[in-house]
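The active site, proton donor annotation in Swiss-Prot covers GLU94. The active site, nucleophile annotation in Swiss-Prot covers GLU239 and rests on similarity to another entry. For ASN327, the entry in Swiss-Prot reads N-linked glycosylation site.
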Amino acid sequence: LGVCYGMMGNNLPSHSEVIQLYKSRNIGRLRLYDPNHGALNALRGSNIEVILGLPNVDVKHIASGMEHARWWVQKNVKDFWPDVKIKYIAVGNEISPVTGTSSLTSFQVPALVNIYKAVGEAGLGNDIKVSTSVDMTLIGNSYPPSQGSFRNDVRWFTDPIVGFLRDTRAPLLVNIYPYFSYSGNPGQISLPYALFTAPNAVVQDGSRQYRNLFDAMLDSVYAAMERTGGGSVGIVVSESGWPSAGAFGATQDNAATYLRNLIQHAKEGSPRKPGPIETYIFAMFDENNKNPELEKHFGLFSPNKQPKYNLNFGVSERVWDISAETNSTASSLISEM
């Protein structure tokens, strides 16, 4: 499990304090949305695995020529390797023909290819996978999960991405938020189904039973990729979370329940793909410069580094008990069982 380190706040701790917090909480993975050198320098020697974002604003530039991709990889990857364990480069976040990022869609695959080539030229092709992070707006049919498919009007965009990932043996990064499905459709989707607390199967899909929406969403993307020749492509859940305030269903209790259950569930996998799911929780901190209001309330921590929830963040047989002291003493790490 990992946690996304967003920086859209004017009151957040220093980069070195943040990385120290990751280490003291035994959080072994981190997602960065852009190659912030302050954060990358703080990550040196930490052994934390990183999803490094190439931001949307740079995608067109990177697509326009190999020299730009080479420069970007040298400056933001090679200069920090191997002190920083960059595992994936996410070229763009939630670029989609059906959202406000549609102007970037034609540059997505050329940018992926250029960064992939530049990483290979840098001698890091076996160490770093190149992918992109997508959201569920690309999925047309998601019910039942086995019938998952990409929207027909985005296939021109998704098919080449899936083909690229298949050919380079990289996973697709997917942002999965049961919260938004639930809050947009509470009449059809029950809160327990969204929070992993439904006592029984809610959806019967052939021989597969679904007791939570997260699995149903995840498996619908697997099915969609299979339909487009990407049956061998894995998925990394690059964001998932629940807001604690700011909108319908966004409460401290709901967020705590979702996060606690997500952390546990990520070890188990989905009906279609059992086994641990590499998952990144959004986000490390409440970020007060984000909009709309609910976007300010996704943090596991307040900007003063105080935990908002009591969670067991089980990494390498350790428990993260944030009801314990919030400094970096060993007493906040209790061994599991």
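Cβ atoms here come from the backbone N, Cα and C positions, even for glycine.
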Number of other Cβ atoms within 10 Å of the Cβ of GLU239 (active site, nucleophile) across all protein chains: 23
Those residues of the chain, 6+ apart, with a Cβ under 8 Å from that of the residue listed as 'active site, proton donor': THR101, SER133, VAL134, ASP135, THR137, ASN175
